[in-house]
Amino acid sequence: LIYFFARVWIPDPEEVWKSAELLKDYKPGDKVLLLHLEEGKDLEYRLDPKTKELPHLRNPDILVGENDLTALSYLHEPAVLHNLRVRFIDSKLIYTYCGIVLVAINPYEQLPIYGEDIINAYSGQNMGDMDPHIFAVAEEAYKQMARDERNQSIIVSGESGAGKTVSAKYAMRYFATVSGSASEANVEEKVLASNPIMESIGNAKTTRNDNSSRFGKYIEIGFDKRYRIIGANMRTYLLEKSRVVFQAEEERNYHIFYQLCASAQLPEFKMLRLGNANSFHYTKQGGSPVIEGVDDAKEMVHTRQACTLLGISESYQMGIFRILAGILHLGNVGFTSRDSDSCTIPPKHEPLSIFCDLMGVDYEEMCHWLCHRKLATATETYIKPISKLQATNARDALAKHIYAKLFNWIVDHVNQALHSAIKQHSFIGVLDIYGFETFEINSFEQFCINYANEKLQQQFNMHVFKLEQEEYMKEQIPWTLIDFYDNQPCINLIESKLGILDLLDEECKVSMIFLGSLDGQIDASRSEGKWPRLSNKAFIINILLTSKEVEYQCEGFLEKNKDTVFEEQIKVLKSSKVTIDRLILIRRTPLTRAPAKATKGRPGQMAKEHKKTVGHQFRNSLHLLMETLNATTPHYVRCIKPNDFKFPFTFDEKRAVQQLRACGVLETIRISAAGFPSRWTYQEFFSRYRVLMKQKDVLGDRKQTCKNVLEKLILDKDKYQFGKTKIFFRAGQVAYLEKLRADKLRAACIRIQKTIRGWLLRKKYLRMRKAAITVQRYVRGYQARCYAKFLRRTKAAIIIQKYWRMYVVRRRYKIKRAATIVLQSYLRGYLARNRYRKILREHKAVIIQKWVRGWLARIHYKRSIHAIIYLQCCFRRMMAKRELKKLKIEARSVERYKKLHIGMENKIMQLQRKVDEQNKDYKCLMEKLTSLEGTYNSETEKLRSDLERLQLSEEEAKVATGRVLSLQEEIAKLRKDLEQTRSEKKTIEERADRYKQETEQVGINKKLIEETKQLELDLNDERLRYQNLLNEFSRLEERYDDLKEEMTLMFIKAFMCFGLCDFWLLLTLVPLDMSLFLKLQKRVTELEQEKQVMQDELDRKEEQVLRSKAKVSGAILPEKLESENKKLKNELNELRKALSEKSAPEVTAPGAPAYRVLMEQLTSVSEELDVRKEEVLILRSQLVSQKEAIQPKLNEDGELWLVYEGLKQANRLLESQLQSQKRSHENEAEALRGEIQSLKEENNRQQQLLAQNLQLPPEARIEASLQHEITRLTNENLDLMEQLEKQDKTVRKLKKQLKVFAKKIGELEVGQMENISPGQIIDEPIRPVNIPRKEKDFQGMLEYKKEDEQKLVKNLILELKPRGVAVNLIPGLPAYILFMCVRHADYLNDDQKVRSLLTSTINSIKKVLKKRGDDFETVSFWLSNTCRFLHCLKQYSGEEGFMKHNTSRQNEHCLTNFDLAEYRQVLSDLAIQIYQQLVRVLENILQPMIVSGMLEHETIQGVSGVKPTGLRKRTSSIADEGTYTLDSILRQLNSFHSVMCQHGMDPELIKQVVKQMFYIVGAITLNNLLLRKDMCSWSKGMQIRYNVSQLEEWLRDKNLMNSGAKETLEPLIQAAQLLQVKKKTDDDAEAICSMCNALTTAQIVKVLNLYTPVNEFEERVSVSFIRTIQMRLRDRKDSPQLLMDAKHIFPVTFPFNPSSLALETIQIPASLGLGFISRV
């Protein structure tokens, strides 16, 4: 039944199917359905009264756009068509699964989904885990080939222009990329190179396709036991030869002809005498010689390059082009009619002449046989002229024959080039074949094409039915035979005995009426064939698959089946003088694998074998193809052409439905719908429909829980079946369950909405009640306030009256009181003035009395003083006279006089001078006093006048004083404001200047920082290039070592099997892989060239760093920037040394160790000489500058000059010593070269002897080899005897010298004894001496013998177990031990020992990593020890930059004799290689966990919903692997971190490893998210963000937040946010554009296109919103690449990390087995 609101599909003549909604419930017996169309119209849909079939139900919206059509609940044609249209138009997805079929819709636009990053993403993935893709089908075929040991086939079919060739090309590209080749011959490149050749000679432009394949091909790609490509083989079917001579309107001939015409101006093509394509009859008929967007000249270059790669030489290529040009000229040959039965060619006809010249045939013969033919009877032969029409047809037949022969020859040559001598273990076939073709006029070609498709469709149906049966049997569910379309009657009509093909062959042999013979056969098969009503020249075959009748015109069937060409013309071509042309044209068609029956006939019958009919050949090749396909596991790709106008992403429903019906997609749907199309695992069913279960229904057993629930939900048990691992549903049951689920969720939503709405309404009611109460409160308050206001007003009126009355009375009182006060004031003023006058008079009298009395008192006082002074003077005069007399008596004595008058004269003179000066001063003062008195008087008068004037203006001043005071206050205030404004202005100006300076400085600093960042980026790029180059070099080195080991093993086996003599024979007969050796040499040369280029780049970067360093020195943060630039400079210098000093002598040198040692010594000497010269120049410049600076301070002896001269002499001495050393080394080099030359001569002589031995018979060869061996041993014995004699002579000479020295020592002892008396000797007693044992002071060195070096390396590196060392001993112990051994060799000044130890160490580490390179613990251990060894070489190198962190004791341990900078670089390169290997190991460990743990596993249970899945989730490629979770990833990360910490890895290096790990996690997760539609949902975004937060928490716990690891997850974080944000309005688009700055535009658009709602309550992203995003992001310049490069490795650096461990304290544990080493 169909219920109200159900949506259905109804037929429509324009849109094929149209969606509508039911307006009224359907009841049985109703003849009309009331429908509402989507465009808003109502419709009455009448049911078919005969069938009474109801319209198809429409799937829920949540199922629309599924990856697999079989996931749809309702499986029918409209659902399939709608799903494909939604995916193609809305989501821009061109691939969709339909069960086992991949449906590919041609987008007519280049899409970025076929890059190598996409290939890597699909490699190793299960088919249902990723979005549909041609790469997924190819991966499935490759995986099943390796797993099931069974050959595979990929069948690509579709109409012309549907994209078959491109799909097949991408499938082959996938195999070539993921498998590689088993040899260095690059077979995968040859396989891919066959495509442009076959496209040029087999593809052409048609009205439906610009690059349509006009032939079918089946390519078998062969693999070895390791499933690497070793070769390929191609088979072709039914080339459309008629296109060579005829093209319809708007079509072209084969591409190769237009490529030749476009390249006619090339010098090598002048001889072909070609021109424009419009000048040839065979290329101008279509009227469209140019394809838009295609350059035929460039395509010709690609074609020639592909030919060269496939081994077609230039001469053969020119032969091919000559034949093709000859075909073009042949088409221009014209005929003139003589009469109705004969014709002729004009004499010296230029096109025919050019054709004969190019083909190397005789002009007259070809001209004759183009216009005549030979008729043979039983008795005689006739030569008959032919008409113009017959001659034209014969010319065209010849052209088609030549092109077909050329096509077959090229195919054979391509197969030869792709053939491999290695035994093929398995293969994958790719079939690119045409689909059903129906035109207005269908001829023999369409008949053969449709016959082939009928066979393929039969095979496809059988395979689909077989898969369904196997699935039911595997799940052990009862099943019934499914009725499917069987086209065997149609095939029998064509290929059975006396079928159409047999009748055609019979007609070609015997003159019969083909239509008459066909009449009986068609009458016998009425259901499959019939005759048209109005024609007797055609027949109709019914294609049951499409329910369509195809009418074939019989005209031309016989001719095309015969493929007739005159034998005389063939004979003329076979007589060609051009060898290549004759080789191509005489080629016989290779026999098929079908056994040929022996026939008896006339002897001349063998000459007519080539006349086997086209139909017979096609049937045989088709039977062979079907046998091959039936012996393989097929995979189907159906290509759909969306429209006939080649518009990008335009979907024509009519054309799509026609192709879906024809290619079997709908038949697959029908077979699936007939059984149980929907399949769920029990866990998926439980997760999806948990909402339909009650808590009591949930049991511990998921299977039993699902059974109980289904029995309650679906009462009809025939609608489902329970398998072992899955539940099988009939068509429509999943939609019913989805409806129940949606109803349950809708009911839950309604309940939630009801509760929420009730809660909201109650809150609204409470708010309204509260508001009403508030309003009432305010109203009542207002009324109360109004009453209170009335009361206040009444009270106020009374008070106003009171106060007014009081005011009136008070005013009257005040008037009276004021009058009284005025009278009182006048009276009291009068009395006061009288009293004042009286007091004033009394006061003035008192003043006069005061002055008179004072004057009298002063006169009396002066007189008294004068008398007193006079009395004092008299008395003092008397006393002075007495004293004078006394002094005069004393002065009479001379001595006294002298004593008293010493210096008296001077004093008197001084006193006299002082008296005079005082008199002068007194006079001056008196004059001044007189002048001052005059001035005083005048001033007094002036002041009196001024006083009177001032008294007049005093009143005015008093009035203005108040005003002045106010103005002064205002002025002071203004001055204060002015000062404040000035200070603020000054402050602002200072701030502005400071801000301007800071801005300028910040701009400079910003610019410098940007330059520094750019330089850092450039440095990282250069470091990355260098490390990639190093990785490539190590790969070649490993390849070289592997080949050496293989050759050694091969020689050992040969020696064991064949003996000594045969071994020497095998050694010469087995060819060395010279091509590989030459390739290695070429690769090394390329590496050296790249090193040189990188050297130049690094020099340029170094100059930029130096310039930026000079600029940064004046910045705000000069120290920081300068340190960064120094760091950059040091790293650049290290890279520069690495590039300049790294070489590969093992590959390029002759191979002699002595030669290499000598060259290294010469290099070191020349470098030392350069260093000494530079030091001399520096010293000279410094001395000159110092001499100029301290020239004034030099003493007369010129000590500094003497010092300078001494240094010059020392430098000259050093130069002379260096020159002598250089000469000695050159002499040694000459001697060694002589030895090398002698060895070469000996080698040549040995080879000559060996060659002579090989020419002898086996017995003589054995004798010669034995004789040669005896001779060699005799020569060696003679050489040894000569050396022994030399040693004996040396021993005798040393013995003589020893005797002489012993004699001299004895004489010296006797002389000393004679000087000592005998008594002293006898009397001197011998006392015992106590010798105290001194504590041994170790020097931090380890001593070992030279012969123990291999033992040391073996115990310390090769056989060391990292786990024990890491847990029980100090980190980096092997590195410390090796460095202490190096120190001792340096202490002994033994360069050979140092070199040998370091070389053995490096080679041994490489061996360990090669042997156990997949073990993370081993790789981490040796990375840590290599870095520690490198740091030790730096720390104890003696360089100041590395010594500043050392203790004084550690500085004493520095190396003294050797500079190991070269080996530091070699160790740095080795550390880089180990780091890259470590990254690859952890990537291999993490990769299987990432997708499952980060995307698939539900960390937050119940958030993600499970949608219905299709057939692809149950393919055989799904492995039963353990499910990884996020905890698995975190545990693995903890394991990695703990191992690295235990091994003592540098913290900075650990940060780089963690950053790389997080980048791998983020990149793989994001790539899978971009390729999986089922993962792009809101809930999955929430899961991802939670998982990322757990990773960030792990970083915090490990204190690694500053490692840069979090930043690598930013693209993934933004992708998860993009899944969760709102995606509707323009504001949302703006927010998305600003938020997703770490994602590219392609990634943002891809995520939006893939966004899929899991529940019906989510909404899809509209197309208009996606276009808005694209418009906003169109100016963003980012990479067009869709996926992140998961293989990218960040450049690694090894910051210097000195060790605080003292070397002398290191103890060597006995567990290492190094007892032969002693501490020094």
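Backbone N, Cα and C atoms are what each Cβ position is placed from, and that goes for glycine too.
Annotation comment: TrEMBL describes 3-55 as domain 'Myosin N-terminal SH3-like'.
Residues annotated as domain 'Myosin motor' in TrEMBL: 64-742.
Residues or ranges marked as ATP binding site by TrEMBL: G158, E159, S160, G161, A162, G163, K164, T165. Note on E159 (ATP binding site): other Cβ atoms within 10 Å of its Cβ, all shown chains, come to 25.
Taken from TrEMBL, the feature region 'Actin-binding' covers 622-644. Note on the region 'Actin-binding' (622-644): its mean pLDDT in the predicted model is 88.
Summarising the annotation, TrEMBL assigns coiled coil to 894-1046 (among others).
The coiled coil annotation in TrEMBL covers 1077-1141 (among others).
The coiled coil feature in TrEMBL is assigned to 1204-1304 (among others).
Per TrEMBL, domain 'Dilute' is recorded for 1399-1675.
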Additional residues surrounding ATP, by Cβ distance to the G158, E159, S160, G161, A162, G163, K164, T165 centre under 8 Å: N106, N209, S212, S213, G435, C639, K641
C-beta crowding around T165 (ATP binding site), within 10 angstroms: 23
G158, G161 as binding-site residues, winner by CB count within 10 A: G158
Same chain, 6+ residues apart, C-beta under 8 Å of the C-beta of A162 (ATP binding site), given in sequence order: A104, N106, N209, G435, C639, I640, K641, Q659
Cβ contacts of K164 (ATP binding site) (under 8 Å, same chain, 6 or more positions away): V156, S157, G158, S213, D432, I433, Y434, G435, C639
Which of S160, G163, all binding-site residues, has a Cβ with the fewest other Cβ atoms inside 10 Å: S160
Residue distribution over DSSP helix, strand and coil in the region 'Actin-binding' (622-644): 9 helix, 8 strand, 6 coil
